[in-house]
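K.L.:
Could you have a look at this structure, given as structure tokens, before my questions?
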Amino acid sequence: MANTKYYPEVSSNANFAAIEREILKFWQDNNIFQKSIDGRNGESEFIFYDGPPFANGLPHYGHLLTGFIKDVYARYQTVKGKKVERRFGWDCHGLPAEMQSEKELGISGRLAITNFGIEKFNAHCRASVMEYASDWEEYVTRQARWVDFKNSYKTMDKNFMESVLWAFKELYNKGLLCESMRVVPYSWACETPLSNFETRLDNSYRERSDKAVTVSFVLRDKLHEIPAFAGMISRESEMTVGGDYQEYRILTWTTTPWTLPSNLAIAVGSDIDYALVPQENICYIIAASSVSKYAKELGLSGEENFEIIKGSQLQGLRYKPLFDYFEHHPNSFKIFDVDFVVEGDGTGVVHMAPGFGEDDQILCESKGISLVCPVDNSGKFTKEIPDLEGVQVFDANDKIIIKLKEQGNWLKTEQYIHNYPHCWRTDTPLIYKAVPSWYVKVTQFKDRMVELNQQINWIPHHVKDNLFGKWLENARDWSISRNRFWGTPLPVWKSDDPKYPRIDVYGSIEELEKDFGVKVTDLHRPFIDKLTRPNPNDPTGKSTMRRIEDVFDCWFESGSMPYGQAHYPFENKEWFEDHFPADFIVEYSAQTRGWFYTLMVLSTALFDRPPFLNCICHGVILDATGQKLSKRLNNYADPLELFDQYGSDALRVTMLSSNIVKGQELLIDKDGKMVFDTLRLFIKPIWSSYHFFTMYANADSLKGEISFASENVLDVYILSKLKIAVSKIEESLDNFDTQTAYHAVLEFFEVLNNWYIRRSRARFWKSEKDTDKQNAYNTLYSCLKTMAIAMSALVPMISEAIYKGLCHCEETSTLSSRDLIAGSSKSINNLNPVVKPRDYTPSVHHNDQISVHLCNYPTLSDFEINHELVATMDNVLDICSNSLFIRSTKNIRVRQPLASITIISKHNNDLKAFENLIKDEINVKSVIYCDDLENYASKKLSINFPMLGKRLPAKMKEIIAASKKGDWKAIAGGLTICGETLNNEEYKLILEPYSHIKGAASFENNSSLLILDLELTAELIEEGYARDIVRFIQQARKDAGFSITDRILIEIISEFDLSEIIYNYGDFITEQTLGEFSKNFTPDYVSKVELEDHPIQLKIKKS
């Protein structure tokens, strides 16, 4: 009669991609995601905001990384008993959609769009923005991320847009909006301004080489004729160089020659020293520190002495404009001393073009100089510069330089390499240009944002006061209007007659319908533009209220996501107030200038609250050489192919166990080796323990039960380690630290596989089904089932497969041959999936859930950790692992016995209880105990230079010297050196054996030492051979396909004399292999091996 098998038969070489496909189908067929939400009563919720991506392109690795993090914490909080709604969202408006549509329609520029028709253009945008929505759903689903796609919000939905209108009017009513003409970063390729924070996104600064030009402006005023200079410049000093200067010229340097036609002022540094450099009848004015750079151009030998003046003495001097375009502009063409001009590059003199520089505009406005901006929306000169009309500004540089040479104002041209901002959509260089725009007056409440930021837990922590905190401290007013087409229109109507000014701002569809008397079904352009009405302030009745053409910056919409998704305040008011702020959000670190920032601005201005309480800023993924992942470079694999080869759990672990979750970079290779290594080193060890349990439990027809009652020392130890791991995972995920959580999982399974299972093999293998054997199965079952729940958020599909196999095997279906073929063809190892044995009886417990993701997080509250046992057994493990490492470095195989190990420790009495275990594990004959550590080793101080160097940079030389001399003293909780107290993270004490001690290693945090006796006697060598023979026979049994319980006949044929070995160790060999030596039988299997380079033929047969 066949054995009853309670668990599925699983391969040790499983096809994890095929298993994952089965799990995805199981989730879908059984509606597990929805059950995970419905199963929580909502009294305790975890509020999660899902930042909306654009759907006009496929997801990339950055999206997958963010999605993995989002999914981990949503799943974790669910098993912790909280209700976690996960509504997906889509960014639909803005430049990404417009640029894509222009490309698809074959048009470019505002004029072309207007001629094409705004209605048709926006209709195309509407259709195209969701082009890849189904692909997104495929990717997101395949990565095992649970989100609600059916109820997703879209920023182009009327309800969402209406909430945006409400927010705008609220800001307007609070006095936090203004319309202003300001210099802002401007994309001439997109014909729209950008926010200052958009120039900080996605590494938008690029290295660029520009022509820098030095030009001379002729002063209208001669210095020696000005009373202020009379006592400083003597007539005699002038006469020594040829008499009165005919001209004074001030030298300026700029990397944007195209702005020179718009020059209206010059700025010098108040406290900078300027030299008066004579050349024939001309006296040049230049920063004294820059004179040497222009020696050639000014004809200097380097030996000259010059008169020096302060920049403040140049204040108010007049100069002649370079060009006559704006020569009559009021209050212009004067020198002003300021504090923002610095020495360094250039001449220490800055030309001011208030239409193209923020500082320029501020200075000129303060001096009563209005700006000029002779550049149109496409970055081309207007008719105000007639000889350059229609020329793109960057193409005009050479023409301007030629003209300067002709006029005699040119001095020098050089190539200047610098980091320059580029458009984040078109990658074209930006210009800074004065444009009319609506602004959120961020500067009025930025101090409050800084205060509210202190309520947010940032991961990594330094983001709070550095990356994000500094950005808030220096926040500027936010330009939120864009002169584009596809976006939420600004709800501002103005009178078309300046004689009768009026501005109306609308915050709801109801207000619009009331004033304009029409039903509003679409808030987009051009429909909203058609809403006009007579100006109530015009008694003549001739003027009309018309909407301004601008639409919102799409970042305003992203920042409106918390209330926009709920159509607040028009609906769901109570829901929103209960779901704001979010408990958690996550994006990559550049979003401190993007989504995180816009959320913070609007949340502070509208609600005086932080928008979220916990935020992870992860790093970026690069290729193996450190380059950005790019289709053009073809330097990354399709994620779906990676999933089909290794499974998505492996990619999840690869990413979330790395430093990228702490804001650092992750380099990932195109061939997937890193993911394969994760599969090999993380996923497979977990599966191996599960495979071991099912294989032997089925062989013994035994069921495991959740039990913590065993008193076996190995059981108590592993169950204690289990509770420690479960607690560590919980603590780590509570602190938003996946890296530590994954380490806790890996560390536990290393101990489970390499210690508990290996040291308990005899208990599983023995034929008696006694209490000890059942305890071993119960303990292993308890570990696997408990860890499946604890790590379910970290490896959701492998956890589900293990949990179902242990608890709900009746629902584990056999994979179809089609699945097997598909999986095998894409798998590097032709791996096998989970299959169900024919004589299979499911093991179901009354308190089991249908899915691991419907369980509650394990507490193990009834089990007390045996801390003393854990500490001692950890030391035993440390001793054994170090001993095996020494063997490895000395090329001494583990089967080769050694005479002894010497242990020098304060805890020898505790270790003696495990002496036999140590002897067996590391294969030594005896254990010698000592406590006189100083006779064997000394402690050396190792400094953590990066950490201590930041705190004590000036003392590092002295500390290094003292550490080498041993001039330090250990104290409670630290160490003193050179008058400084170091904490435990700033140093490490390393136990260093004396040079004559061989085979030594430290353990127990460098407080204890072990020494292996590496001398091999003839007797030890012979016993080693016997153990080799056992291994050869065991391998032959496995290769022959024998069962672990089959007894066998053995014959060994060799020219190498094995008689002494068989005589002395024959009983040991047969006992270990369930065999007996025999001759003259027909073997079932023959194996050929080598022992010390001697060929051996090994014959075995079932007896």
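Easy rule for this one: first residue shown is 1, then count along the chain.
Including glycine, each Cβ sits where the backbone N, Cα and C put it.
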K.L.:
Pick from 233-237, 253-257, 628-632, 728-732: which stretch is listed in Swiss-Prot under motif ''KMSKS' region'?
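P.N.:
Swiss-Prot lists motif ''KMSKS' region' for residues 628-632.
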K.L.:
Can you dig out which of the ranges 53-63, 559-569, 977-987, 999-1009 Swiss-Prot describes as motif ''HIGH' region'?
P.N.:
53-63
K.L.:
For a three-state summary based on DSSP, what are the helix, strand and coil counts in the motif ''HIGH' region' (53-63)?
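P.N.:
Tallying H, G and I as helix, E and B as strand, the rest coil: 3 helix, 1 strand, 7 coil.
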K.L.:
Just to be sure I understand, if DSSP states are collapsed into helix, strand and coil, how many residues of the motif ''KMSKS' region' (628-632) fall in each?
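P.N.:
Secondary-structure composition of the motif ''KMSKS' region' (628-632): 0 helix, 1 strand, 4 coil.
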K.L.:
Over the motif ''KMSKS' region' (628-632), what is the model's mean pLDDT?
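P.N.:
The answer is 76, the mean pLDDT of the model over that range.
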